[in-house]
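Q: The annotation Zn(2+) 1 binding site is assigned in Swiss-Prot to Cys263, Cys266, Cys283, Cys286 on the grounds of sequence analysis. The annotation Zn(2+) 3 binding site is assigned in Swiss-Prot to Cys423, Cys426, Cys441, Cys444. Sequence annotations record features per position, and here Swiss-Prot assigns Zn(2+) 4 binding site to Cys449, Cys452, His465, Cys474 based on sequence analysis. The annotation compositional bias 'Low complexity' is assigned in Swiss-Prot to 37-50, 197-213. Residues or ranges marked as compositional bias 'Pro residues' in Swiss-Prot: 185-196. Summarising the annotation, Swiss-Prot assigns region 'Disordered' to 1-140, 176-216. Residues or ranges marked as transmembrane segment in Swiss-Prot: 503-523. Feature annotation from Swiss-Prot assigns zinc finger to 263-309, 328-396, 423-452.
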Amino acid sequence: MGEEQSTVSGGGGPQESQTLASGTAGHPEPPRPQGDSARAPPLRAASAEPSGGGCGSDWGCADTSAPEPARSLGPPGWSKSRAPAQPAGLALTGPLNPQTLPLQLELEEEEEEAGDRKEGGDEQQEAPPGEELEPRTRVGAADGLVLDVLGQRRPSLAKRQVFCSVYCVESDLPEAPASEQLSPPASPPGAPPVLNPPSTRSSFPSPRLSLPTDSLSPDGGSIELEFYLAPEPFSMPSLLGAPPYSGLGGVGDPYVPLMVLMCRVCLEDKPIKPLPCCKKAVCEECLKVYLSAQVQLGQVEIKCPITECFEFLEETTVVYNLTHEDSIKYKYFLELGRIDSSTKPCPQCKHFTTFKKKGHIPTPSRSESKYKIQCPTCQFVWCFKCHSPWHEGVNCKEYKKGDKLLRHWASEIEHGQRNAQKCPKCKIHIQRTEGCDHMTCSQCNTNFCYRCGERYRQLRFFGDHTSNLSIFGCKYRYLPERPHLRRLVRGSVCAGKLFIAPLIMVLGLALGAIAVVIGLFVFPIYCLCKKQRKRSRTGMHW
């Protein structure tokens with residue numbers, strides 16, 4: 001390291017020459033401003049010898065024959081001759097942690113005050129008339145250094161400025177183009193030049209932010225801090241680009257703005273995204289419950305929960321509002337509905353298998369064995385023809401006869417109802433847990449009666465399945481123990497309606513025609529009579 005000379009002027013007194021060492025290569029000590037433009041209160045070097053009768057220090061004087069050993073101004077190993085000379089009135093302590101800076105300052109002040117009282121006694125410095133004594137203050141910088149500002153006589157109207165730079169370390173920020181780079185702010189007159197350290201992340205300076213810090217100036221002066229902060233962070237939409245669900249809309253689109261609307265299901269005001277099909281308001285909780293119930297029923301094409309809307313919800317909207325387990329079931333039902341008759345899932349693990357027919361003519365012994373399938377995933381052996389576990393030595397027709405046991409169990413009455421009821425269309429057994437007799441098959445959407453197993457039918461003027469005298473009525477609603485009489489009564493009512501209805505219609509038409517003909521003759525006569533009566537009344541009055 002090279003050495004350089006620094007001269008400190010102390011209010012017109014003799015100049016003192018000190019030797020200093022540059023602290024960091026490539027960052028020399030900035031020169032102090034000279035002349036009238038940089039006038040500052042007279043400062044004295046901490047190591048200046050006392051002149052006259054006093055020691056010339058604000059810390060009190062002890063024995064002048066035994067001067068106080070100078071504190072180390074730098075890291076261990078620095079000598080007094082190698083220590084950098086500081087401006088008069090400023091003492092530089094060792095590097096401190098910025099996070100624990102206030103605590104370290106308080107501890108250091110207490111130690112120094114205790115040492116001063118011990119060595120110098122209770123001597124105090126008095127200020128001459130017309131001047132005030134500046135209290136001893138400290139200003140911390142972000143680079144870990146502390147500036148001790150010693151008390152000094154100065155006019156009360158003097159203004160002191162301390163310029164420091166704070167650098168914020170950036171991480172993972174893209175470099176700005178040359179046209180958008182900001183130039184560093186110009187230093188005010190009388191201030192030392194600001195040396196920016198080399199940056200490894202970004203080559204452009206951060207925008208300038210000047211903040212008033214009057215709390216750092218206890219003497220009424222102003223301390224200006226120039227902060228070089230990082231540029232503003234990038235917004236998430238600009239980094240992410242176009243949203244991945246921008247085409248969904250409605251509840252399935254997380255980028256649609258929320259609006260406080262009343263849910264059509266629970267009738268509560270909530271932040272709701274309108275449905276994409278009918279733009280109606282359904283809250284997320286109600287929609288998730290509805291979709292989960294539909295998936296549990298095996299529905300693939302799920303209708304809109306709004307009764308006025310007859311459209312089906314989009315697949316993306318359904319998947320977005322389902323849980324992980326329900327989403328797996330829904331995707332399985334989708335695949336099951338898209339396949340043809342040559343592809344079936346495994347009864348155990350739901351792995352899809354495609355059956356390829358061979359060109360040879362099957363023999364009676366091999367006609368059934370060709371449908372034997374072994375699942376490559378779970379090694380389960382099953383029959384592709386009847387979609388059941390493999391039945392060795394038994395054909396599919398005989399194996400299906402085993403369903404008689406199931407039908408017998410389903411027809412048994414327990415707790416006042418059947419154990420199960422078979423759908424009249426797809427022939428699957430359905431067990432009711434609660435509710436009325438009107439059932440809807442989850443496989444084929446057929447409406448049937450759980451009590452009798454017949455479809456729900458209705459015809460205007462002839463009644464529906466709940467009518468006692470209708471031919472479409474349930475057999476358990478009218479004379480369940482006398483089926484022949486029930487059929488006779490219902491048949492007679494139906495025949496009577498068939499024959500009486502036309503007669504009533506013809507009679508009604510005839511009466512209507514007669515009324516029209518009579519009206520054509522009676523209405524003009526009535527009008528003439530009424531007019532003649534008015535004339536007769538007016539003649540009698542005159």
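Keep in mind that glycine also has a Cβ here, set from the backbone N, Cα and C atoms.
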Q: Could you check which of the binding-site residues Cys423, Cys441, Cys449, Cys452, Cys474 is the closest Cα neighbour of Cys283 (Zn(2+) 1 binding site)?
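A: Checked the binding-site residues Cys423, Cys441, Cys449, Cys452, Cys474; minimum Cα distance to Cys283 (Zn(2+) 1 binding site) goes to Cys441.
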Q: Measure from the CA atom of His465 (Zn(2+) 4 binding site) to the CA atom of Cys426 (Zn(2+) 3 binding site) and give the result in Å, rounded to a whole number.
A: 20
Q: Around the Zn(2+) 4 site formed by Cys449, Cys452, His465, Cys474, list the extra residues of the same chain whose Cβ is within 8 Å of the site's Cβ centroid.
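A: For the Zn(2+) 4 site, the extra neighbours are Asp437, Phe448, Arg451, Gly453, Glu454, Tyr456, Thr466, Gly473, Lys475, Tyr476, Arg477.
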Q: Take the mean position of the Cβ atoms of Cys263, Cys266, Cys283, Cys286, the recorded Zn(2+) 1 site. Which other residues of that chain put their Cβ within 8 Å of it?
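A: In sequence order, the nearby non-listed residues are Arg264, Val265, Leu267, Glu268, Lys270, Ile272, Val282, Glu284, Glu285, Leu287.
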Q: Compile a sequence-ordered list of residues in the same chain as Cys449 (Zn(2+) 4 binding site), six or more apart from it, whose Cβ lies below 8 A from its Cβ; state 'none' when nothing qualifies.
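A: Correct list: Asp437, His438, Met439, Arg455, Tyr456, His465, Cys474.
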Q: Quick one: which residues besides Cys423, Cys426, Cys441, Cys444 have a Cβ within 8 Å of the Zn(2+) 3 site's Cβ centroid, in sequence order?
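A: In sequence order, the nearby non-listed residues are Pro424, Lys425, Lys427, Ile428, Ile430, Ser442, Gln443, Asn445, Thr446.
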Q: Taking all residues of the zinc finger (263-309) together, what is their mean pLDDT?
A: 89
Q: Using all protein chains shown, find which of the binding-site residues Cys266, Cys286, Cys441 scores highest when you count other CB atoms within 10 A of its CB.
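A: Sorting the candidates by Cβ neighbours within 10 Å, the top entry is Cys441.
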Q: Among the binding-site residues listed here (Cys263, Cys423, Cys426, Cys452), identify the one with the smallest other-Cβ count within 10 Å.
A: Cys426
